[in-house]
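Reviewing the structure listed below.
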Amino acid sequence: MEGVDHLAHERNKAQFDVAVMKAVWAGSRDAYELFHRFSRLVANDPEMFIPAIKAQATEEQQKQWLPLANKMKIIGSYTQTELGHGSNVRGLETTATFDPKTDEFVLNSPTLTATKWWPGGLGKIATHALAHARLIIDDKDYGVHGFLVQLRSLDDHLTLPGITIGDIGMKYGSGAYNTMDNGSLIFDHVRIPRNQMLMRLSQVTREGKYVPSNVPRQLSYGTMVYVRQKIVFDASIALSRAVCISTRYSAVRRQFGSHNGSPETQVIDYKTQQARLFPLLASAYAIRFVSEWLNSFYKDLLQRLEAKDFSTLPEAHACTAGLKSITTSVAADGIEECRKLCGGHGYLTSSGLPELSAVYIPACTYEGDNVVMLLQVARYLMKTISQLKSGNKPVGTTAYLGRAEQLMQYHSDVLRAEDWLKPNVVVEAFEARAARMSMACAQNLSKFNNPEDGFQELSADLVEAATAHCQLIIVSKFIEKLQQDIPGKGVKEQLGVLRSIYALFLLHKHIGDFLSTDCITPKQGYLANEQLRSLYSQVRPNAIALVDAFNYTDHFLSSVLGRYDGNVYPKLYEEAWKDPLNDTSIPDGFHEYVQPMLKQPLHHGRL
Ligand SMILES: CC/C=C\C/C=C\C/C=C\C/C=C\CC/C=C/C(=O)SCCNC(=O)CCNC(=O)[C@H](O)C(C)(C)COP(=O)(O)OP(=O)(O)OC[C@H]1O[C@@H](n2cnc3c(N)ncnc32)[C@H](O)[C@@H]1OP(=O)(O)O
Ligand SMILES: Cc1cc2nc3c(=O)[nH]c(=O)nc-3n(C[C@H](O)[C@H](O)[C@H](O)COP(=O)(O)OP(=O)(O)OC[C@H]3O[C@@H](n4cnc5c(N)ncnc54)[C@H](O)[C@@H]3O)c2cc1C
């Protein structure tokens with residue numbers, strides 16, 4: 001019935017102050033920030049063009065271009081990826097050849113695989129590209145640099161001479177990403193003034209002299225680092241949307257279990273539903289808190305870079321790459337799990353889940369393929385370990401590797417299930433697992449004469465070690481979050497339950513790592529799972545309140561299953577009748593194609 005809260009009985013069970021939890025979840029950024037970004041995403045993606053100009057253009061160039069971009073007088077596309085190269089930025093083929101006679105660069109796509117391919121906004125709407133191309137001076141290749149290129153007339157939006165542009169076509173399913181005009185672009189000797197090479201990091205003089213960057217060349221990758229840390233925040237939003245929908249529906253849906261006319265069982269009370277759903281609820285909070293930490297770490301990096309302090313740049317790259325990888329994989333897989341948790345109705349567009357999945361899953365690929373990103377983390381870990389011998393004491397997120405010898409001797413002293421509720425017990429186990437996996441890789445790598453051959457041969461193990469390292473970061477930041485002063489009745493207690501669910505679910509899921517590295521015994525693994533089951537019972541009465549704390553409107557959720565009032569069935573039915581198929585009783589084509597078959601006489605008694 002309209003106006004009735006069908007989940008009121010669930011909300012009355014809450015054992016904590018929901019208003020405070022809403023504030024904890026909202027944190028330092030408004031969750032709707034992404035919604036507006038997301039809505040822009042499906043129109044155009046200023047997410048990268050403007051930050052890239054800020055990162056790579058001189059002050060003078062910024063003064064020229066930023067006001068135009070900020071006021072949408074020009075529409076930009078971050079045009080890096082090509083048909084033949086995306087992950088391997090140093091393999092990009094587009095060229096920008098300096099012509100000293102005219103003081104210009106000539107942009108060209110020398111091969112088909114040099115065609116720019118994927119950049120958002122490029123296909124139909126962008127007027128300018130921040131094109132990444134190989135700088136060529138006097139036949140010498142100076143590697144990939146950024147160039148601002150006008151693509152279309154600002155009068156009639158027609159493409160300019162030498163520019164061939166198109167949309168790359170429909171993408172995965174019918175998701176909203178199909179409203180993003182990811183495009184293709186071929187340059188045929190397009191000339192731009194020399195001052196349209198972004199020259200903050202390195203320059204080309206009027207005489208054609210290349211002035212190399214006096215800062216790490218990787219700063220030219222800065223926009224990707226910036227977006228990767230944002231994507232971690234986005235992962236918490238995407239996953240929490242799906243968890244909100246599936247948790248509310250799990251409390252509404254009843255199936256089996258009726259005795260003597262009693263109501264059937266709420267599916268949220270089935271232990272299998274809880275074992276699938278509650279770790280995702282905990283993961284949403286875990287990812288949110290690690291994104292807060294990562295954002296503050298990134299802001300600290302920016303301040304350091306201003307002061308030419310590059311000391312945390314390698315760690316920032318490793319953390320943004322690794323956490324982007326881990327959190328987008330968890331969110332993408334989690335959204336699909338939430339669809340399955342809703343049974344058949346989860347597959348309806350009106351559930352909001354297919355659309356969310358179709359839009360979200362490319363996050364595992366864009367801004368860095370998730371495996372390639374974890375390999376970057378692995379390189380960082382191996383380098384950190386190789387420097388231990390020279391007395392280089394690791395700090396920050398790799399500080400535990402400085403205690404590797406001690407961690408190699410570690411054995412968990414868990415005796416009872418409740419011992420796994422102690423944060424220090426959990427962190428020690430996760431540190432030991434991560435340290436031992438990385439040290440084992442380093443040990444195996446040392447057996448190879450050619451380190452690169454070893455890295456390739458061991459890359460699957462290295463990805464697992466990088467995963468363990470990143471999961472340790474997320475667990476640690478969840479624990480650190482709860483060491484902050486958090487007011488409100490029961491709020492910290494509930495977050496503590498979620499923290500333990502997150503950590504013990506990972507321990508259970510990766511029990512092979514913990515056993516094969518001899519960090520814990522099978523009995524201790526069994527006790528962790530025992531504790532996990534108890535934690536599910538503790539979170540169960542608070543589940544609806546914990547997703548209410550995301551503070552999402554029904555409009556934002558766009559889901560008949562995730563409605564705040566739980567009034568699912570009437571709305572499911574109502575929504576179905578909006579489908580144009582139901583405008584007529586007899587479907588189009590019936591008389592032409594189906595009815596003749598139905599009218600066909602039987603032949604020899606056979607249909
Ligand atoms: C509800 C809906 C929810 C969400 C949707 C809503 C919104 C979506 C939000 C955002 C959407 C944003 C974007 C979508 C559009 C997508 C855009 C794109 O995809 S842009 C293109 C992205 N492309 C990539 O990410 C390419 C990945 N490849 C690379 O980064 C590099 O090629 C790679 C790092 C893999 C290798 O680089 P290379 O130069 O070959 O370096 P190498 O490995 O040799 O290492 C050398 C040295 O450099 C260090 N290093 C590498 N990269 C960095 C870096 N970025 N910063 C600092 N340092 C770096 C590396 O560690 C090594 O160091 P050492 O020498 O070992 O010390
Ligand atoms: C929706 C969407 C939007 C995008 N928007 C933009 C944009 O606006 N601008 C832009 O420039 N680009 C954009 N991209 C492109 C995106 O950045 C690339 O697709 C991404 O970086 C992955 O690169 P790739 O396609 O070359 O994958 P590949 O690297 O070809 O990946 C293919 C497989 O090879 C594996 N692999 C690759 N290298 C290694 C290695 N060294 N070791 C082990 N395995 C490896 C990968 O793990 C993967 O399994 C977008 C892509 C998508 C899907």
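Cβ atoms here come from the backbone N, Cα and C positions, even for glycine.
Fair warning: this is a prediction, and the values are worked out from it, not measured in the lab.
Here is what TrEMBL says about this protein:
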- E367: active site, proton acceptor (ACT_SITE)
- T81, G120: FAD binding site (BINDING)
- 48-75: domain 'Acyl-coenzyme A oxidase N-terminal' (DOMAIN)
- 221-382: domain 'Acyl-CoA oxidase C-alpha1' (DOMAIN)
- 423-599: domain 'Acyl-CoA oxidase C-terminal' (DOMAIN)
Neighbour count (Cβ, 10 Å) for G120 (FAD binding site): 24
Nearest-integer angstrom distance between the alpha carbons (Cα) of E367 (active site, proton acceptor) and G120 (FAD binding site): 12
Residues in the domain 'Acyl-coenzyme A oxidase N-terminal' (48-75) grouped by DSSP into helix, strand and remaining coil: 21 helix, 0 strand, 7 coil
Remote residues contacting the domain 'Acyl-coenzyme A oxidase N-terminal' (48-75) - C-beta distance under 8 A, at least 6 residues beyond either end: 120-121, 125-128, 130, 146, 148, 150, 154, 195, 198-201, 219-220, 222-223, 226-227
Lowest local Cβ density (other Cβ within 10 Å) among recorded positions: T81, E367: T81
